[in-house]
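J.: Annotation comment: Swiss-Prot describes GLU126 as active site, proton acceptor. Swiss-Prot lists 132-373 with the feature domain 'Radical SAM core', giving sequence analysis as the kind of evidence. Feature annotation from Swiss-Prot assigns disulfide bond to CYS139-CYS384; the stated evidence is sequence analysis. If you look up Swiss-Prot, you'll see CYS146, CYS150, CYS153 marked as [4Fe-4S] cluster binding site. According to Swiss-Prot, the S-adenosyl-L-methionine binding site annotation covers GLY210, GLU211, SER242, SER264, LEU265, HIS266, ASN341. Among the features that Swiss-Prot reports, active site, S-methylcysteine intermediate is placed at CYS384.
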Amino acid sequence: MAVSYDFRPISVCRARESNNVVVKKRSKRSLIGLSQNEMAEALKAIGVPEQQTRMRVRQLWHWLYVRGVSNFDEILNISKPIREMLKNHFSIARPEIVGEQISKDGTRKWLLRFPAREDGRPVEIETVYIPEEGRGTLCLSSQVGCTLTCSFCYTGTQVLVRNLTAEEILAQLLVARDCLGDFPNRTTPDGAIVPVEGRKITNIVMMGMGEPLYNFEVVKKALLIASDGDGLSLSKRRITLSTSGVVPEIVRAGEEIGVMLAVSLHAVHDTLRDMLVPINKKYPLALLIDACRNYPGLSNAKRITFEYVMLKGINDSLDDAKRLIQLLKGIPAKINLIPFNPWPGSNYQCSDWEQIERFADVVNQAGYASPIRIPRGRDILAACGQLKSASERLRKSGRLQIEYAVGNK
């Protein structure tokens, strides 16, 4: 079906009401990101009668995730006394939108600021919306910074500050839907390049800042809420979780989350992958590929996407293409070829386009889909591998604690 687009002049997204913007330090618990059972317990704890909690949870779930409210006064079918009780104890506010950049190709990048937690400081992350023919994809971050230091990735130069919470992951989706007019009875802003009909956000990918599987429980919780049929209702087939290769959590992700899997591969032998993706030293290719072969539900209808950044003179030879085919033999897969997106201080060059096409032809002739990802948002540093915020670094001991917890399960 043909999709038309809106090319009206650009205007920056603003928070709808100033009292919906998060302050520097939050004093109230947010209802965003709680499971339905957790929400029921939270309501009981503030005095909502137990016999009412299931009904109240259903009401709140609908208003938060279907209607997209960010102010308790907008909830029309809950009495004023209970709304006041909710306001006194909880928050459903959005994070602060520090900035919005809009690429010439329609890609949008938001810089979001979340309030301080415990003794920390407010942190900032980036979220990207990519409009395409017939769909809109939102790229979500799972951590502030990253611990993996992949040599071709800008995020890897920002050492990990902390994990995001389920609330903060879902808030990225809610803010984007606010800004795009993707909730009922909302208006799409001037300048938004989006499909005129249907949802503005049809797909989400966990491919922003951070390694999702180093924040497993939180990412799991957020994605299960995002895919809940009574709320945001995104199909699990339209949710993709990308990992650089945290092997112990790959099969578990398939069993407990059940979304589509993408693997940041980028090399066909350990020597090179150790340099490009240092987690390979801990989980080498043999272990990674074995985990992929055992991903639950793997089939031609549920293929794994292998991401392969094209680096000139590094990993782009036709011999590399042939070795890639052998490496993935027998795995239902799609291979996304990603032209390298430069960033300040990067030491790599993108492969020549003709070489990328030759590489793609070799892979395609072996029976694998090998689309070349068209760079989107390069001019605003919103393309793959270009995300970074200026938040404070986590102490080394904190980073090691996160890695140790995963590696010793």
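Quick reminder: no glycine exception, Cβ is built from N, Cα and C everywhere.
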J.: Closest of the recorded positions to GLY210 (S-adenosyl-L-methionine binding site), Cα to Cα, picking from GLU126, CYS146, CYS153?
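T.: Among GLU126, CYS146, CYS153, CYS146.
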J.: Just to be sure I understand: of GLU126, CYS150, CYS153, ASN341, which recorded positions have a C-alpha no more than 10 angstroms from the C-alpha of CYS139 (disulfide bond)?
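T.: Checking each Cα against CYS139 (disulfide bond), the hits are GLU126.
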J.: Which number gives the other C-beta atoms within 10 angstroms of the C-beta of CYS139 (disulfide bond), all protein chains shown included?
T.: 28
J.: Need the DSSP three-state call for CYS153 ([4Fe-4S] cluster binding site) to compare against my parser.
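T.: Looking at the DSSP assignment, CYS153 ([4Fe-4S] cluster binding site) belongs to neither helix nor strand, so coil.
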J.: By CA distance, which of the binding-site residues (SER264, HIS266, ASN341) lies nearest to CYS153 ([4Fe-4S] cluster binding site)?
T.: ASN341
J.: Of the recorded positions GLU126, CYS146, CYS150, which sits closest to HIS266 (S-adenosyl-L-methionine binding site) by Cα distance?
T.: CYS150
J.: Out of GLU126, GLU211, SER242, LEU265, ASN341, point to the one nearest CYS146 ([4Fe-4S] cluster binding site) in space (Cα versus Cα); all of them are recorded positions in the record.
T.: GLU211
J.: Within a 10 Å radius of its Cβ, which of these binding-site residues (CYS146, CYS150, CYS153, LEU265) has the fewest neighbouring Cβ atoms?
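T.: Fewest other Cβ atoms within 10 Å, among the binding-site residues CYS146, CYS150, CYS153, LEU265, is found for CYS150.
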J.: Could you list the residues of the same chain, at least six apart in sequence, whose Cβ is under 8 A from the Cβ of GLU211 (S-adenosyl-L-methionine binding site)?
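T.: Correct list: SER142, GLN143, CYS146, THR147, LEU148, THR243, SER244, VAL246, ILE279.
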J.: Taking the Cα atoms as reference points, how far is ASN341 (S-adenosyl-L-methionine binding site) from CYS150 ([4Fe-4S] cluster binding site) in Å?
T.: 14
J.: What residue among the binding-site residues SER242, SER264, ASN341 has the most other CB atoms lying within 10 A of its CB?
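T.: Counting every other Cβ within 10 Å of each candidate, the maximum falls on SER264.
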J.: Based on the record's binding annotation for S-adenosyl-L-methionine (GLY210, GLU211, SER242, SER264, LEU265, HIS266, ASN341), what whole-number value in Å is the widest Cα to Cα distance?
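T.: Max Cα-Cα spread across the S-adenosyl-L-methionine binders: 19 Å.
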J.: Taking every protein chain in this structure into account, which of the recorded positions GLU126, GLY210, HIS266 has the most other Cβ atoms within 10 Å of its Cβ?
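T.: It comes out as GLY210.
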